[in-house]
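K.L.:
Below are the features listed in Swiss-Prot for this protein:
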BINDING   200-235  FAD binding site
DOMAIN    92-197  domain 'FAD-binding FR-type'
TRANSMEM  41-61  transmembrane segment
Amino acid sequence: MSLFVASTRSAFRAAAPIKRSFQTRRSYATEPSKGGSSSTILLGAAAVGLAGAGAYFFSGAGAAKKAEASVKQVTEKITPGEIKKAFVGGDQGWLSLKLEEVELVNHNTKRLRFRLPEDDMVSGLHVASAILTKFKPIDAEKAVLRPYTPISDESAQGYIDLLVKKYEGGPMSTYLHDMAPGQRLDIKGPLPKYPWEANKHKHIALVAGGTGITPMYQLIRAIFNNPDDKTKVTLVFGNVSEEDVLLKHELATIENHYPQRFRAFYVLDNPPKEWAGNKGYINKDLLKTVLPEPKNEDIKIFVCGPPGMMNSISGNKKSPRDQGELTGILKELGYSPDQVYKF
């Protein structure tokens, strides 16, 4: 019998062509550089920001000098025949990347494409990892730092894409939405998250809310682009309205291609009248129905979303490096801390 429990299918069944395109200050450590090439990724996507924060841009001669220094810093360490990686971690420091393209995705979300220092460079990110953005508001004493998960292909050369939702009062997301092509942003990485390898678990479940789909999509894409990876995936994705569902065409395409291994369940707080999916919030009854049972061996539940959702489902993290106590619905359903990972 299939591991996937029958439930209301998503309304997003029509496949669309996949495009190759498109607080307080916290301390984040980047991962040291590793050898080898990045994995080949076939499906394109946009990238969703994890949270909002403030902004500052560089212009004029200072920007040019900063960009030249970034290129020199990265390229002088490259050996012949090695794939160039923009983000190598360790003591690399910040790269000043130029905004190349801006695309309006919906009423509060934009896709931003930043150029890497060289056209034949890949980002250097792996699954699952993120980047850290920085800006210093005018007259502010401290810079604002915020992590984002690019889900442009890890093998894409010359650019990274961020899909950024604008949050009211969020200085970084507000600044990023105000940026124009040609302006620059300080970025570094990679920020290591959950190290994925093919068939690490037999079945994973991804519980996401809003822009929390970002690291989930990074995992999904890596799994289904690898013919050797047979992992089964269940996605539960909550949003306010249908318009807020990001990456819906990409997700529907994967589900249509792999119906026995990938199932997506969408939950809308304010659904349209014709909505055939789940309504309200992600709740205990839904998760009990569609998630793999906690008694099953070799499963993992990933959670990412706004603080209120995290508190209800799993409890929030204490810090970027501290998963915190497992609470909420997942604990009530009998999952152990080892079976749950909070992005």
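Backbone N, Cα and C atoms are what each Cβ position is placed from, and that goes for glycine too.
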K.L.:
Cβ distance under 8 Å to Gly210 (FAD binding site), same chain, sequence separation 6 or more: which residues?
P.N.:
Lys165, Gly238, Asn239, Val240, Asp244, Gly305, Pro306
K.L.:
Can you tell me how many other Cβ atoms are located within 10 Å of the Cβ belonging to Ala205 (FAD binding site)?
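P.N.:
Taking all protein chains shown, Ala205 (FAD binding site) has 25 Cβ neighbours within 10 Å.
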K.L.:
Check each residue in the chain of Ile220 (FAD binding site) that is at least six apart in sequence and keep those whose C-beta is under 8 Å from its C-beta; list them in sequence order.
P.N.:
Leu206, Val233, Leu235, Leu251, Ile254, Phe262
K.L.:
Per DSSP, what is the residue count of the domain 'FAD-binding FR-type' (92-197) in each of helix, strand and coil?
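P.N.:
Per DSSP, the residues of the domain 'FAD-binding FR-type' (92-197) fall into 8 helix, 48 strand, 50 coil.
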K.L.:
On a simple 10 Å Cβ count over all chains shown, which one of the binding-site residues Lys200, Lys230 is most densely packed?
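P.N.:
Most Cβ neighbours within 10 Å: Lys200.
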K.L.:
How many neighbouring Cβ atoms, not counting its own, are there within 10 Å of the Cβ of Leu235 (FAD binding site)?
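P.N.:
Around Leu235 (FAD binding site), other Cβ atoms within 10 Å: 25.
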